[in-house]
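Following: one structure in structure tokens, then a few remarks.
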Amino acid sequence: MAAIRLTCAVNNYHWGKHGLDSKAAQFAATNPDVTIDSSQTYAELWMGTHPSGPSNVYGTDTPLSAIVEECPEQALGAKVAGKYGATIPFLFKVLSIEKALSIQAHPDKALAERLHAERPTVYKDPNHKPEMSIALTDFIAMSGFRPLEEIAQFLDEYPEFRALVSQSSGPFLDALKGGSDVDAKKAVLKALFSELMNAPDAAVKEQLSLLLARVGQSDTGDELSPNALVQRLADEYPGDVGVFCVFVLNVLSLRPGDAFFMGPNDPHAYISGDCVECMATSDNVVRAGLTPKLRDVPVLVDMLTYEFGTPEAKLLKPVPFAGAKHSVVYDPPIDEFSVVKTALSDGQKEEIAVEGPQILIVSEGTGTLVDSEESHPLAPGYVYFIVANSSVVIETSEGSQLVAYTATCLP
């Protein structure tokens with residue numbers, strides 16, 4: 001059988017959406033054994049073989065990992081199995097965000113190995129974790145450092161921000177005026193960010209209180225404005241230094257189908273919305289703000305690349321998927337994964353064939369998935385593992401508009 005339906009794990013992190021407002025909950029509810037509690041948060045649906053949230057063959061207790069490990073060359077393809085061993089090299093997720101989640105970055109491979117060796121209980125594997133998110137609903141995130149001229153403008157407009165970086169703001173502004181080279185600009189940006197993230201708690205709370213008192217009555221009607229974001233994040237995480245990251249990180253506003261890629265050592269935070277997310281198989285996260293979890297500020301400050309630029313530069317545009325009429329591929333600059341989006345109208349169908357393994361989830365509409373042996377039903381939240389070197393056909397039901405996302409490793 002080329003296509004195997006999966007039951008996928010859902011978790012309840014505090015930042016998730018409540019009940020069936022959550023796409024993760026809606027999709028998890030396709031499993032008849034799952035009951036959704038409207039008072040509970042549902043944050044993530046995990047699709048794959050990661051031990052923290054492994055998927056099972058639908059209706060059984062058989063983990064997907066057992067199928068992969070039994071015959072990795074058949075399940076993953078010879079090239080993928082030869083490179084990554086008996087494990088799917090990516091983890092696919094659905095995220096539903098009601099409350100912002102942490103200012104964070106993911107280590108590159110060398111740093112991940114070192115952190116895992118030094119603190120295995122905190123950094124639980126030695127792998128890197130580049131990741132990509134594709135919006136399912138309107139979605140707001142922060143990613144990468146703003147253009148330095150914007151940060152300079154905020155230093156002028158927000159004295160509370162400047163007060164927390166009083167030692168580094170002068171050299172930062174001087175570097176901009178003096179036409180310094182890129183490396184010098186990155187150095188002063190690092191100094192400014194370090195001073196901000198290491199600011200004493202008492203100073204952060206004092207300046208945030210002053211800031212809220214000054215902008216708390218402002219209402220621009222724009223939820224993406226700095227003032228609106230400050231108020232939102234301060235309500236969710238009172239007294240948290242991460243609120244001030246609004247002034248240093250780009251704010252991204254995504255529509256459904258828009259995507260952005262987060263490479264190693266790239267700061268980011270999700271603020272609201274639902275998305276599909278794909279990443280290398282790892283759970284390594286270095287956090288420094290907007291979180292009740294462990295903050296590792298020294299590591300975060302030291303690990304970042306301090307690349308800066310516009311929000312548009314963070315977006316990843318899809319391109320036509322070779323040989324397909326109704327599909328595009330989001331193909332980030334890493335080896336472990338790509339994601340194919342297939343959008344079909346009434347009466348349309350699409351054949352998908354790749355060398356590597358695939359995990360498919362339907363986000364909208366109904367239809368069938370036809371492999372070489374049988375047809376399988378498709379509906380929102382249905383998830384299938386498709387073994388390597390298989391050709392499957394996605395078809396819509398009569399009158400349906402179907403959207404499916406398929407994570408794969410393109411060897």
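Counting starts with 1 at the first residue shown.
Using the three backbone atoms N, Cα and C, a Cβ is placed for every residue, glycine included.
TrEMBL has this to say about the protein:
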ACT_SITE  R287  active site
BINDING   Q104, H106, E131, H268  Zn(2+) binding site
DOMAIN    4-148  domain 'Phosphomannose isomerase type I catalytic'
DOMAIN    180-249  domain 'Phosphomannose isomerase type I helical insertion'
DOMAIN    327-369  domain 'Phosphomannose isomerase type I C-terminal'
(request) Note down the number of other Cβ atoms within 10 Å of the Cβ of H106 (Zn(2+) binding site), including every protein chain shown. (result) 26
(message) How about the domain 'Phosphomannose isomerase type I helical insertion' (180-249) with the domain 'Phosphomannose isomerase type I catalytic' (4-148) - do they touch, taking at least 3 C-beta pairs under 8 Å (6 or more apart in sequence) as contact?
(response) yes
(message) Using a Cβ cut-off under 8 Å, which residues of the same chain at least 6 positions beyond either end of the domain 'Phosphomannose isomerase type I C-terminal' (327-369) come close to it?
(response) 3, 6, 23, 27, 47-48, 68, 75-77, 79-80, 83-84, 88-90, 92, 94, 130, 132, 134, 136, 257, 259, 261, 263, 276, 278-281, 316, 318-321, 375-411
(request) Quick one: give me the count of other CB atoms within 10 A of the CB of Q104 (Zn(2+) binding site). (result) 23
(message) Looking only at the domain 'Phosphomannose isomerase type I C-terminal' (327-369), how are its residues distributed among DSSP helix, strand and coil?
(response) 0 helix, 27 strand, 16 coil
(message) Summarise the domain 'Phosphomannose isomerase type I helical insertion' (180-249) as counts of helix, strand and coil residues per DSSP.
(response) 49 helix, 1 strand, 20 coil
(message) Long-range neighbours only, meaning 6 or more apart in sequence with Cβ under 8 Å: which ones does R287 (active site) have?
(response) S102, I103, Q104, K293, L294, R295, D296, L300
(request) Give the residue from the binding-site residues E131, H268 that has the most other Cβ atoms within 10 Å of its Cβ, counting over every protein chain displayed. (result) E131
